[in-house]
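In what follows, a structure is listed as structure tokens, so that the remarks can point back to it.
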Amino acid sequence: MVRARSTMRKKLITKNSQTSSDVLFQEPVCGLCGRTDNNIEKYGERLTDKKTNLSVHYYCLILSSGLWQHGKDNEGFYGFLLRDVRKEIARASKQTCSICMQKGASIGCSVKNCRKNFHFPCGLEKECMFQFFQKYGSYCWEHTPTQKVAPENKKAVCAICLDTLQPKPSYSVLKSPCCRYTWFHRICLQKHALSFGLYFFKCPICNNKETFQKEMLHMGIHIPERDASWESEENAFSELLYIHQQCDVEDCLCNKGRKYFESNSKWYILRCCYCGSRGTHLICSDLGNSQRYWTCSECISILSRDSEKASSLKGKQLARAMSNRNKKNKRSLKRTFQTRLEGSAHTSSSVSSGNSRRSDMSRRSNRAGSKPAKRRKKQERKGKQERRGKRNGKRKRGRSSHCSCRLSPSKSSKRCLKPFSRRGRAGRR
């Protein structure tokens, strides 16, 4: 009996130890969807409060219909206060999911007449649409927005993973709004967006940013507002601090090795002035101590190719310029020849018209000569009289007895004592 009791105690101790270890290492459950999955690509990061052990998925948190940010970014879960999260969990416990028929559905369809509620993981499995901008709308499987694109009969390939797909607009396949024959898997695009972030996310084919981001946000791709993943890693730019310090010449003359370096001597390592990824000892390349610029063999070959291309382009440009000049010269010769022909024709016509004018003038002069001489004399007399009358009128105006105040002595009772001008001379009356 004693042995049986001792064995029973040992079994109970082992069971209690197993249960306690399971509790310690058990993953926390999301308070909104009730799942323990920790998939960042599907559900976002898992947020847990150390004091209350409250845990929620990030996507379940921001897409809940009755939850709003009432705090700052450093309070609660990114501005969602803990008391508001608990209220939302209590509200969702009364709502049944229209997919799995269980309690805890915190997301409702954004269409007014639709009354469907569902968990976030259930909505993903049923191909519901979730938008991660502005109002964070959610749409059930009956009201999901689709791309208005005509299907293609040709075979298409995902531009990210290069796997074949059906080029038809659907939930799992999306078309690029900026490239004509470019298709993507939804999963591949979501991974691409999480890696690149808002500031680097763009079309992988044409690098369009505005239209591509707008369309992908509308179609339910989450683009986090952060830097790219390769920039947020530790020591991401440590390679830029590395300095190449090695002799890369085929026949290195240094007995102490290619990495031996000594300043102000023949063992000074000089790096390529173009790429900086190749080096040489001064003596290994027959360089003087005063020389500070050196070009490696790879850069020399690249520069020679570029110079050859530039010379060939210059030759082509010169040939084009010469041909254009020849064409212009031919055109100018044609124009001068045409202008000369037109000028000769114009001169001949002007000569004929000049002769006709001269004949008309001679006829008019003959007619004028036939007039009597009396009429001419009368006209000359009239002209002389008119000229004399004009001169006399000017003299009479100058001899007027009016003073500068325009008052005549005959009409005025008092005599005006103001001086008046008489052809520029001043006097008194």
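In case you wondered, yes, glycine gets a Cβ from its N, Cα and C as well.
Just so you know, TrEMBL annotations are computer predictions that nobody has curated.
Residues or ranges marked as compositional bias 'Basic residues' by TrEMBL: 325-334 (among others).
Residues annotated as compositional bias 'Polar residues' in TrEMBL: 336-347 (among others).
Residues or ranges marked as compositional bias 'Basic residues' in TrEMBL: 372-400 (among others).
Look at TrEMBL and you will find 401-411 (among others) tagged as compositional bias 'Polar residues'.
Annotation source TrEMBL lists compositional bias 'Basic residues' at 412-429 (among others).
According to TrEMBL, the feature domain 'PHD-type' maps to 27-144. For the domain 'PHD-type' (27-144), the predicted model reports an average pLDDT of 90.
Shown for the domain 'RING-type' (158-207): DSSP residue counts in helix, strand and coil, namely 11 helix, 9 strand, 30 coil. Among the features that TrEMBL reports, domain 'RING-type' is placed at 158-207.
If you look up TrEMBL, you'll see 311-429 marked as region 'Disordered'.
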Helix, strand and coil residues within the domain 'PHD-type' (27-144) as assigned by DSSP: 26 helix, 18 strand, 74 coil
